[in-house]
Amino acid sequence: MKKNALIKGTLILTAAGFASRLIGFFYRIFLSRMFGEEGMGIYELMNPVLSLTFALCTSGIQSAISKFVAAESGPSCVASRLRILLSGMVFSGLLSAGCAALIYRGAEFISVSLLMEPRCASLLRIAALSFPAACLHSCINGYYYGIKRAGLPALCQLIEQSFRVGSVFLFWQYSLSHSVVFSINVAAVGLVIGEFASTLASIPMAWFHFAGQLPFPAPARARYSAIMGRLFCFAAPLSANRVLLHLLGAVESARIPASLQQFGYSQTQALSIYGVFTGMAMTCIHFPGALTNSVSVLLMPLVAEADARNNVAAIRSAILKCVRYCLLLGFFCLAAFLLTGDFLGTVLFHSELTGRFIRTLSFLCPFLYLNTTLLSVLNGLGKTGATFALSMASILTRLAFVFFAIPSFGIQGYLWGMLAGQLLVTSASFLILRSCLRRP
């Protein structure tokens, strides 16, 4: 296990992650003040559809590229790694183009029939244009994670976030100087601009990376088809996991405002509460997760490499260290958010409700940050079926609380469901890892 590669890569990704999240954090504050709580709720309703599309088109492929690139070694490894990357990009690119066309044409149906909010249609049409670009640079990121070089993904993350926020800020400046009122659609335009900027930066960098190591290899049809088969076999259960997770997440997101209306809120009040919860309070809770996300992204290929060499001791050592530090971070954040939640909600978002949500959500921190790492380890060990089952159990637990607890207890019922789902994933992950690491 290359400890230094994990530490160095984690530091790079963490620095970029914190910078990106800091930008995104203040971006959410800006959007909430520019478009209000209801506007944030409408914007957040779109996100599960985007997450579902990315899960189908690129998440499993990115992980597969990372795993198989990490496993390549020997004199011909550069050529093999390039073939893996190109195969993944073709596969992901075709899927993303098809999904973009479907969502663009079906935006009205998705908004009215599934999300139950017609104002989401224009947001979806604009955001669909970003899918091919997002999938291409995600594949390139997967390659760089596999070779344990986190610099380019970190840079592209910052480029994407900077262009997204910068473009929306320019639209806002234009609206002030020309007395024009923009809708929340400008946030979707910013999303498209950010994804294309990141892709236009990553492709030339990847080209120069390979150009300095070998001539461009001649296509080998059988070889590429075999690689795509390997990628598909690994990515399919992982993608199915994430697609089903985000599909149910879309149902969850659409159902929360409806359940809040059953509790007694109006449509505007329900959307406002949903916007405060997802766009403001959860933004605070996820902010420290930049560290654990960085560890999980880089830990999977390292675990896969050690697993290929049957180095159980190295895997066990890495897991124990990551668990220790994730729990330390989680309990520290629990205490910090519990004590400062009201202050953060009032000062940053001008919302007392946000403060109450932050304090309640603080109890998720130890489990939320730890589960990110545990699921990454399971994927690195090839236990994609286990992650599928755990994710299913978690989302179904939350859905049960959405349908049965929110109408009786309001949004508090959903917070209980989130905690129950995270506890389930944590306990089951430890049991699975314990059985895996008992092998000789």
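From the backbone N, Cα and C atoms, a Cβ is placed for every residue, glycine too.
Any TrEMBL annotation is an automated prediction that lacks curation.
Look at TrEMBL and you will find 12-30 (among others) tagged as transmembrane segment.
Annotation source TrEMBL lists transmembrane segment at 50-70 (among others). If one looks beyond the transmembrane segment (50-70) by at least 6 residues along the same chain, the residues whose Cβ comes under 8 Å of a Cβ in the stretch are 81, 84-85, 88, 91-92, 95-96, 99-100, 103, 127, 131, 134-135, 138-139, 141-143, 145-148, 227, 230-231, 234-243, 245-247, 249-250, 300-302, 304-305, 379-380.
The transmembrane segment feature in TrEMBL is assigned to 82-104 (among others). Long-range contacts of the transmembrane segment (82-104) within the same chain: residues 49, 53, 56-58, 61-62, 64-65, 68-69, 72, 110, 124-125, 127-129, 131-132, 134-136, 138-140, 142-143, 206, 210, 214, 217, 220, 223-224, 227-228, 231-232, each at least 6 residues beyond the stretch ends and with a Cβ under 8 Å from a Cβ of the stretch.
Per TrEMBL, the feature transmembrane segment maps to 124-145 (among others). Listed as Cβ neighbours of the transmembrane segment (124-145) (distance under 8 Å, sequence separation of 6 or more from its ends, same chain) are residues 9, 46, 49-50, 53-54, 57-59, 61-66, 69, 81, 84-85, 88-89, 92-93, 95-97, 99-101, 103-104, 107, 110-111, 151-153, 156, 160, 185, 188-189, 191-192, 194-196, 198-199, 202-203, 206, 297-298, 300-301.
Per TrEMBL, transmembrane segment is recorded for 186-210 (among others).
As annotated by TrEMBL, transmembrane segment applies to 271-304 (among others).
Summarising the annotation, TrEMBL assigns transmembrane segment to 325-349 (among others).
The transmembrane segment annotation in TrEMBL covers 361-381 (among others).
What TrEMBL lists as transmembrane segment is 388-407 (among others).
Marked as transmembrane segment by TrEMBL: 413-433 (among others).
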